[in-house]
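Record features (TrEMBL):
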- 44-47, 82-91, Asp117: FMN binding site (BINDING)
- Arg335, Arg367, Ala368, Phe369, Ser370, Gly401, Leu402, Cys403, Ser404, Trp588: FAD binding site (BINDING)
- Thr445, Ser500, Arg501, Lys513, Val514, Tyr515, Val516, Gln517, Asp550: NADP(+) binding site (BINDING)
- 1-135: domain 'Flavodoxin-like' (DOMAIN)
- 191-432: domain 'FAD-binding FR-type' (DOMAIN)
Amino acid sequence: RPAPAVLGEGGLGTGAEREREVLHLCLFVEANLIREPLVVFVCATTGQGDPPDNMKNFWRFIFRKNLPSTSLCQMDFAVLGLGDSSYAKFNFVAKKLHRRLLQLGASALLPICLGDDQHELGPDATIDPWLGDLWEKVLELYPVPIDLPVIPHGVPLPSKFTLQFLPEAPNPSSKESCLAISDSLGPPSESQPFLAPMVTNQRVTGPSHFQDVRLIEFDITDSGISFAAGDVVLIQPSNSAAHIQQFCHVLGLDPSQCFVLQPREPDVPCPPGLPQPCSVWQLVSQYLDMASVPRRSFFELLACLSPHELEREKLLELSSAQGQEDLCEYCSRPRRTILEVLCDFPHTAGAIPPDYLLDLIPQIRPRAFSIASSLLVHPRRLQILVAVVQYRTRLKEPRRGLCSSWLASLDPKKGPVQVPLWVRPGGLAFPETPDTPVIMVGPGTGVAPFRAAVQERVAQGQTGNFLFFGCRWRDQDFYWGDEWQELEKRGCLTLVTAFSREQTYPCYLQGQKVYVQHRLRELGPLVWELLDHRGAYFYLAGNAKYMPTDVMEALMSIFQEEGGLSHPNAATYLARLQRTLRFQTETWA
């Protein structure tokens, strides 16, 4: 029997409390896990090859050195990794877990599956055949009892929740965006975010620049929020009013109607953040991610719910294994949203039972942004740098990022604006010793965490701050240019710039675009001196597509040319920097 194990999501305390909690966790896991004959692990990778937050306690346990090599000899297992091959540590956690389970005596039912979000057909391209093999193995070990009927294909499972609509008159405040936040003594979190007043929302790119980038500041007075350089803020966005109205129209919903959400099973909790009772407007505004691109499971369930023969036939085709290329052409490539799909299947959309809304449409997930300010310089304030996502595909309407577009639409000059947010540790940790230099490479909006770091380090009297910044034009997207130059005049910062569309670098060929990796190579002797002789830390933040690889290639070249290392020794040197956290990255796709 596949045995899901929930091992806890809470953070650990400190000192003796932490030791007791770890001990209790280990005893719990050991007592339960060793008795499981079959476990399927599904895991993602975060940061620099780190496990997700809700896996960290289990991770500490499973890698305890005192676990016997026969700990899991009774267990059969399978590991499914969910990853993105544009990141250097692709499915690192799944691979490491698979090896560790084998070390502890467990038996793999089949090879590890590495789902890749970058695949043209999405993770399903590898997961589909793997699932077929998995169930074949499982049913060999645990055949379905003869007296247990199989659910026929095309019959949906019962919905997870029921919506019990209330007969009262519509609530006049139902359209207000008010998250259900209970009183808490702890710091803000996903279940209890802080409604931060937005203070400013300023465009910082020039009027002729192709991209709208915003510097947004929040007031966090009395929030209990504290953060350091390298931390991130998570923001819970909402759907636009126009999309909410369109969604309700297509599905025939009354946005002002109120309901109480009831789980069908006794141990299933209601989604955090939704008030009880809740209005349809609140549900659609704050919870249902209708702006996301639907996955195959969406079409499978929608086909089960469709009463329209032609639409159901097309939905079945798109959800079938043979129809994945058509699904990719219809949805993935043009980035068609759930709302647009529902508009394309109006008979089906109008017949969707409200009880199935939470099964059909995923929850809006919070978006993480690097914090771009220090509390030492801006007390009671939190700043972020936001690139507003907008691009075109073959569809008529431009594609827009939900959170960035929502944030850009908010104007505190027209009235009070509150944004639900909370803070968590990020993937960058800076040295506390005052004489340790830091090299920061942050092209574009990747410079945001380094602004917080420079502000914090300068306020603490730490020297040796080296910033490599790259953008297109000095007068269009040179974020905080005046601030950097003032710090440079004061001797607090060494600034190296790369303006890729300006021909201001005589040592390069005419027409050659100059990026941060070129400036690193140009200053190779300095970079080697800082890393090898002065123990500097190296940080990299920005887009994950090409830049990280180009920067690492530049570093490899520097190690070979300035340090006299062979290519294998240069790779070993870089790996040692990564292992000792003297090379850290924070990148995004």
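Just so you know, glycine gets a Cβ as well, placed from its N, Cα and C.
Bear in mind that TrEMBL entries carry predicted annotations, made automatically and left uncurated.
Small disclaimer: the values here were computed from a predicted structure and weren't measured.
Feature annotations (TrEMBL) mapped to structure.
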residue : record               : Cβ neighbours (10 Å)
Ala44   : FMN binding site     : 16
Asp84   : FMN binding site     : 19
Ala88   : FMN binding site     : 15
Phe90   : FMN binding site     : 17
Ala368  : FAD binding site     : 16
Thr445  : NADP(+) binding site : 24
Arg501  : NADP(+) binding site : 12
Val514  : NADP(+) binding site : 21
Val516  : NADP(+) binding site : 26
Asp550  : NADP(+) binding site : 15
Same-chain residues at least 6 apart in sequence whose Cβ lies under 8 Å from Leu82 (FMN binding site): Val42, Cys43, Ala44, Asn91, Ala94, Gly115, Asp117, Pro123
Integer average pLDDT (0 to 100) for the domain 'Flavodoxin-like' (1-135): 79
Candidate with sparsest Cβ neighbourhood (10 Å radius) among Thr46, Ser370, Ser404, the listed binding-site residues: Thr46
Other CB atoms within 10 A, centred on Arg335 (FAD binding site): 16
Sequence-distant neighbours of Leu402 (FAD binding site) in its chain (C-beta under 8 A, six or more apart): Pro237, Asn239, Asp289, Ala291, Ser292, Ile364, Arg367
Ser86 (FMN binding site) and Val514 (NADP(+) binding site), distance between Cα atoms, whole Å: 23
Max pairwise CA distance, angstrom, over record-listed NADP(+) binders Thr445, Ser500, Arg501, Lys513, Val514, Tyr515, Val516, Gln517, Asp550: 19
Spatial separation of Asp550 (NADP(+) binding site) from Ala88 (FMN binding site) - C-alpha basis, Å: 12
Cβ-Cβ distance under 8 Å to Ser86 (FMN binding site), same chain, at least six residues away: Gln118, Ala544, Lys545, Ala589
Largest separation between Cα atoms (Å) of residues that the record links to FAD, namely Arg335, Arg367, Ala368, Phe369, Ser370, Gly401, Leu402, Cys403, Ser404, Trp588: 26
